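Visitor: Dumping what TrEMBL says about this protein:
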- 8-338: domain 'Acyltransferase 3' (DOMAIN)
- 12-33: transmembrane segment (TRANSMEM)
- 45-65: transmembrane segment (TRANSMEM)
- 85-102: transmembrane segment (TRANSMEM)
- 122-142: transmembrane segment (TRANSMEM)
- 154-177: transmembrane segment (TRANSMEM)
- 189-207: transmembrane segment (TRANSMEM)
- 219-238: transmembrane segment (TRANSMEM)
- 250-271: transmembrane segment (TRANSMEM)
- 283-305: transmembrane segment (TRANSMEM)
- 317-341: transmembrane segment (TRANSMEM)
Amino acid sequence: MNKKNYVEYVDVLRVFSMFAVVFLHTAAGSLRGNIGSGTWHITNALTTVFSTSVPIFFMISGAMLMRSSKTESLKITYTERLPKLIVPFIIWSTIAVLYFTPRPIQITNVIKSILYMPNQAATVHLWFMYAIIPLYILSPLLKKMVDALSKELIKYMLILWFIVSSLLPTIAVLVPNELKPIFTLYPNFDMNFLGGYIGYFLIGYYLMTYEKKVSKRLLLSIIVIDTLLIILGTWYATVKIGEYSEDFKAYVRVFEVMLSGSIFLLVKEYFRNYSMNPFMFKWIQILSAFSFGVYLMHNLVVVYIGNRLNIWPAQSIWMLLVAFIIITVITMIAIIIFASIKITCYPLTGMSFKEASRTCNIQFLWGNWTQSKDIKNDNVSM
């Protein structure tokens, strides 16, 4: 990849989101047990920041797809992009079905679970695929739309999405029951085309496309204040109902929209005047390349480790962090191995073997290591 045309901060955000989403699922059990303990409070704080991972994934996808001229092509959408999502999704869903089906396995139960996959995710984290695939299907239409719209009209559409899909639902959740109808739209007031995660998809495009320098100090202040609001709000709501509450951390809540957008912009602003050194640049690209595979696989490792070691909820933050590191390392090693075998590369990672061989598999890593070693030896001999 030509570094001149490479958007550094996008891969930085992708790598952050990859690690963050693994931590979220590693920490899920700890948030639902030992409520009010020191471990719970630290976990609550960490997951507040890391809960931005999924919105950022949506924003990255929107930013990259809406800026690509290839997105208009139905052929590319249906022969290249969608298969890279759908094939690994089906394979990992089937693996999850086989893993979670009670023993002894009955083939009828497996077939039934597979047939139900269009309506029911095989494992909890795969819900994301049910949200991102429709956006890829719509991407040629969305591309033509954003190309035709002015900056003001795109901003208008995002404001509408924010009000309808984020602001009003957030207020409706937080106010007393008798006030909820005031902030709940009548069903026939149909603005479903602005619902769901399409807003994040377009926010990513907007934030990447329209260059306007934003104060890093301002963004950092928003992030700190918003993070504190979510932490305290989650604690309050959890104590109030007696079980873990995600009201403040739901992905389309106002708090998450503000936090995710601010982190996206802060990273963008940081890399406006900063360029990574070659070593860091190379490793960010490597980690970014197998982020999709890590996303698809990681929760199976979380469940396996949790069941085998019986560590959920974690009794200390150190136990949680160690579990996170173990799960991350196992998942990454597995994906690297899958990407290094032709027959498993595409089905399990979404990458062609050729692509993996120039970005992240064992062959690539070995080639880079030997090349670096040769350069070092040449420098020593000089």
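Cβ atoms are placed via backbone N, Cα and C, with glycine included.
Annotations in TrEMBL come from automatic prediction, not curation.
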Visitor: Establish whether the number of Cβ pairs under 8 Å between the transmembrane segment (85-102) and the transmembrane segment (45-65) reaches at least three, counting only pairs separated by 6 or more residues.
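Guide: No; fewer than 3 Cβ pairs under 8 Å.
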Visitor: Please check if the transmembrane segment (219-238) comes into contact with the transmembrane segment (189-207), where contact means 3 or more CB pairs closer than 8 Å and the residues in each pair are separated by 6 or more positions.
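Guide: Counting Cβ pairs under 8 Å, fewer than 3, so no.
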Visitor: Give the nonlocal contacts of the transmembrane segment (317-341) in its own chain as ranges (CB under 8 Å, at least six residues past its ends).
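Guide: Residues 19, 22-23, 26-27, 30, 38-39, 42-43, 290, 293-294, 297-298, 301-302, 305-306, 309, 311, 348-349, 351, 353, 356, 360-363, 365.
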Visitor: Using Cβ atoms and a strict cutoff of less than 8 Å, what residues sit near the transmembrane segment (154-177) while being 6 or more residues removed from its termini?
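Guide: Same-chain contacts beyond the ends: 146, 183-185, 191, 194-196, 198-199, 202-203, 205-206, 247, 250, 252-255, 257.
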Visitor: Which listed range (12-33, 45-65, 122-142, 189-207) shows the maximal number of Cβ pairs under 8 Å with respect to the transmembrane segment (250-271)?
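Guide: Per the Cβ count, the answer is 45-65.
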Visitor: Mind pulling out the one from 12-33, 45-65, 189-207 with the most Cβ pairs under 8 angstroms to the transmembrane segment (122-142)?
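Guide: It is 45-65, which has the most Cβ pairs under 8 Å.
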Visitor: So what's near the transmembrane segment (45-65) in sequence-distant terms, Cβ-Cβ under 8 Å and 6+ beyond its ends?
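Guide: Contacts of the transmembrane segment (45-65) (Cβ under 8 Å, skipping residues fewer than 6 from its ends): 10, 13-14, 16-18, 20-21, 23-24, 27, 31, 71, 128, 131-132, 135-136, 139, 142-143, 197, 200-205, 207-209, 227, 230-231, 234, 249, 251, 256-257, 259-261, 263-264, 295.
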Visitor: Please give the sequence-distant neighbours of the transmembrane segment (12-33): residues at least 6 beyond its ends with Cβ less than 8 Å from one of its Cβ atoms.
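Guide: For the transmembrane segment (12-33), the sequence-distant neighbours (Cβ-Cβ under 8 Å, at least 6 residues beyond its ends) are 39-40, 43-44, 46-47, 49-54, 56-57, 59-60, 124-125, 243-244, 263-264, 267, 271, 284, 287-288, 291, 294-295, 298-299, 302, 306, 312-314, 320, 323-324, 327-328, 331.
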